[in-house]
Amino acid sequence: MSQTITLIKDKILSDNYFTLRNITYDLTRRNGEVIRHKREVYDRGNGATILLYNSTKKTVLLVRQFRVATWVNGNQDGMLIETCAGLLDNDEPEVCIRKEAIEETGYDVGEVRKIFELYMSPGGVTELIHFFIAEYHDSERASIGGGVEDEEIEVLELPFSRALEMVRSGEIRDGKTVLLLNYLQTSHLMD
């Protein structure tokens, strides 16, 4: 017998920016036992992220920006170094990530390649992130980047080896960024 889930109650606790819901459900275990659970679930929509790399120059493009959740959790200045990313907002993942790449980094890249999609914090957050990589070239620079009006984003072009060192030293602590840098390393695209 497989597990079955029965929704008992779905109550919205807050929908000011994203949606925080209180979910009550019964989980019927494989042995037939029914257990009632009550959990809060944060729904912020799905997202996409991309690591831009240049195999000739052996560099990657990352961004540095303020992330309030990290500040609340002890990151003194709230600044985080990460891959370009954004919420889908009803766009297809590739459409979203192309827009975000131009807005944040200023690069209008050619071919993008989807690597995988992952739940980053499935214990309480619904978000599914689509992961991409793309090679960038200086000729594809369309603007200075930096994000939209309410964002202040610094574009960082780093040697790939330096980015990997920054993961080890704790200067890069964003999960999606670490995953994509490790993917780039193990795929040997920078060899």
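Even glycines carry a Cβ here, placed using N, Cα and C.
Feature annotations, courtesy of Swiss-Prot:
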- Tyr17, Lys38, Arg39, Glu40, Arg67, Ala85, Gly86, Leu87, Glu104, Glu127, Asp150, Glu151, Lys176: GDP-alpha-D-mannose binding site (BINDING)
- 43-180: domain 'Nudix hydrolase' (DOMAIN)
- Ala85, Glu104: Mg(2+) 1 binding site (BINDING)
- 86-106: motif 'Nudix box' (MOTIF)
- Glu100, Glu104, Glu151: Mg(2+) 2 binding site (BINDING)
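Feature annotations (Swiss-Prot) mapped to structure.
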residue	record	Cβ contacts under 8 Å, 6 or more apart
Tyr17	GDP-alpha-D-mannose binding site	none
Arg39	GDP-alpha-D-mannose binding site	Asn22, Ile23, Tyr25, Gly124
Arg67	GDP-alpha-D-mannose binding site	Asn75, Gly78, Met79, Leu80
Ala85	Mg(2+) 1 binding site	Gly47, Ala48, Thr49, Ile50, Ile97, Glu100, Ile129, Lys176
Gly86	GDP-alpha-D-mannose binding site	Gly47, Ala48, Cys96, Ile97, Lys99, Glu100, Glu103, Glu104
Asp150	GDP-alpha-D-mannose binding site	none
Glu151	Mg(2+) 2 binding site	Gln65, Glu104
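When Cβ atoms from all protein chains are considered, those within 10 Å of Glu100 (Mg(2+) 2 binding site) total 23, not counting its own. For the domain 'Nudix hydrolase' (43-180), the predicted model reports an average pLDDT of 94. Glu104 (GDP-alpha-D-mannose binding site) is surrounded by 27 other CB atoms, counting those within 10 A of its CB over all protein chains shown.
Counting every protein chain shown, the Cβ of Lys176 (GDP-alpha-D-mannose binding site) has 19 other Cβ atoms within 10 Å. Following the DSSP three-state reduction, the secondary structure of Tyr17 (GDP-alpha-D-mannose binding site) is coil.
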